[in-house]
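Student: So TrEMBL lists these for the protein:
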{"type": "BINDING", "residues": "H281, H330, H396, H575", "note": "Fe cation binding site"}
{"type": "COMPBIAS", "residues": "50-67", "note": "compositional bias 'Low complexity'"}
{"type": "REGION", "residues": "42-71", "note": "region 'Disordered'"}
Amino acid sequence: MDAFSSSFISTLSPTTIIPQPILTPSSSNYISRLNISSVRIEDKPATQVKSTTTTPRSPSTPVSTTVPKRRAEPTVPTLIFNAFEDLINNFIDPPSKPSVDPKHVLSNNFAPVDELPPTECEVIQGSLPPCLDGAYIRNGPNPQYLPRGPYHLFDGDGMLHSIKISQGRAIFCSRYVNTHKYIAERDAGSSLLPNVFSGFNGLTASAARGALSAVRILAGQYNIADGIGLANTSLAFFGDRLYALGESDLPYAVRLTSNGDIETIGRHDFDGKLIMSMTAHPKTDPDTKETFAFRYGPVPPFLTYFRIDSDGKKQPDVPIFSMTRPSFLHDFAITNKYAIFGDIQIVMNPTEMIFGGGSPVGSDPNKVPRLGVIPRYAKDESEMRWFDVPGFNIIHAINAWDEDDGNTIVMVAPNILSVEHTLERMDLVHALVEKVRIDLKTGIVTRNPMSARNLDFGVINQAYVGKKNKYVYAAVGDPMPKISGAVKLDVSKGERQECIVATRLFGGACYGGEPIFVPKQPDNPEADEDDGYVVSYVHDEKSGESRFLVMDAKSPHLDIVAAVKLPRRVPYGFHGLFVRKNDLDKL
């Protein structure tokens, strides 16, 4: 989740840009020097055989001849720059906190993996339902180089893990998103840019890393005008394009080939109409096919709202100047009439970061959270209204809809408790899913908790985006960022009622990720909202194996109807989606 980096660094002078510590895989003692005992990077398959017959392939057999370009050996200037960086990491700003210590952050299944070409998988339980004709793809951080200095979970390069399903067969593939940053650093044989969430830690460290970064840029090693984003947060399909997203940069268009490989098409600016960045959580209206989005940053306007029409054409920006200070705006919600934004206690604090030490994002306990409501087709912010909602801090929004002829807005979202721990101690954060009702006539906001459990990464049947829905599928924190299971909530239940109606715990040392709902009959408007399946990658930390699970969304225990053994482990990550075959064909 590479939030803030592009917009923030663009405001800094060359002497305040911060590089990332790096060791190249060619260094004979680089693992021992790192002292990250729990980190391992899997090797590529020794051979990648292209099939020339119709004989069925055995599981775990690569089906592509595509070989990713090997990382280059660092040049002499790069080795010199890295030596200075070692001094900074060892003597000025060593990774002292667990939240930025790579030995802690990259332990167990958070450790990075290498790319894997398309590889056939074995269905080890049940059978894959016919409606899963397409691909499940999940994004997440996977650092190209193991860090020697401070590293935060959000700082990793984006890697897509895809399982393409057709006629009951499954092909798995893992590829980096070929961002400008990834390619430049791969070709240089070294990291060239700072870790935004972990590289800023006090005035001395910031000045030292900034000076070194300025030298790298002046030496022509990197052109920041081409973007610095990681594209490691989520994916979205709209306008007949598939995008890998990270909110510090423009979207990167990607595609799946017929054999299941993943290709990066390139950075997309919508004919030059999108500048700087875009949210990693755009919302697409299932009826109009319009996509609504925003960007945010550390300089006014701190929030800019816009939409993309059904043909993929970006419409004019709507700057929101009534947001008076930079805030962490990771997600938002839409209804048939409105867009809803959260102005929360998690704020961007570059001054405190440089002079006080710490992350570019922090918390302000004195700030009163509020919700902003604007007509979704607004041409300016004249109709923007803000409502104070003390104690309500949302990072993810699940859904929202209109009631009472548009005079009331209902939103379902997790409320982040202990917000001060969001970046440094995610294990202490509890997310409480709430239903919030905004009476636009009286201005009264009421809230009702849906469950006492620690739940986040909530998703719905995408046919109900912006409409009143009944069911939510959410991940169980054990604690966050680990996911011990998935639950189904009935948000139509009355106040003070437990809304969980189905639970699937993965058991033992097994952990998963965001659950994704896939409808059985996506083109049938009469189908039940919950008639479908919930899918996710799940990893067993004892055996070291990962699986793709398919669960029956209607069953009271989210019964497993199919399990696919993956050819190698899938690191824990962030957000994903399921893309149907007819949409994949459009790519």
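All positions are counted from 1 along the displayed chain.
Note: Cβ is positioned from N, Cα and C throughout, glycine not excepted.
TrEMBL annotations: computationally assigned, not manually curated.
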Student: Which one of the binding-site residues (H330, H575) has its C-beta surrounded by the most other C-beta atoms within 10 angstroms?
Tutor: H575
Student: Starting from the Fe cation site formed by H281, H330, H396, H575, give every other residue of that chain whose CB sits within 8 Å of the mean position of their CB atoms, in sequence order.
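Tutor: The answer, listed by sequence position, is T233, S234, T279, A280, D331, I395, A397.
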Student: Give me the count of other Cβ atoms within 10 A of the Cβ belonging to H396 (Fe cation binding site).
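Tutor: I count 22 other Cβ atoms within 10 Å of it.
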Student: Return the residues near H281 (Fe cation binding site), defined as same-chain residues 6+ apart in sequence whose C-beta is under 8 angstroms from its C-beta, sorted by sequence, else 'none'.
Tutor: S234, L245, H330, D331, F332, H396, A397, H575
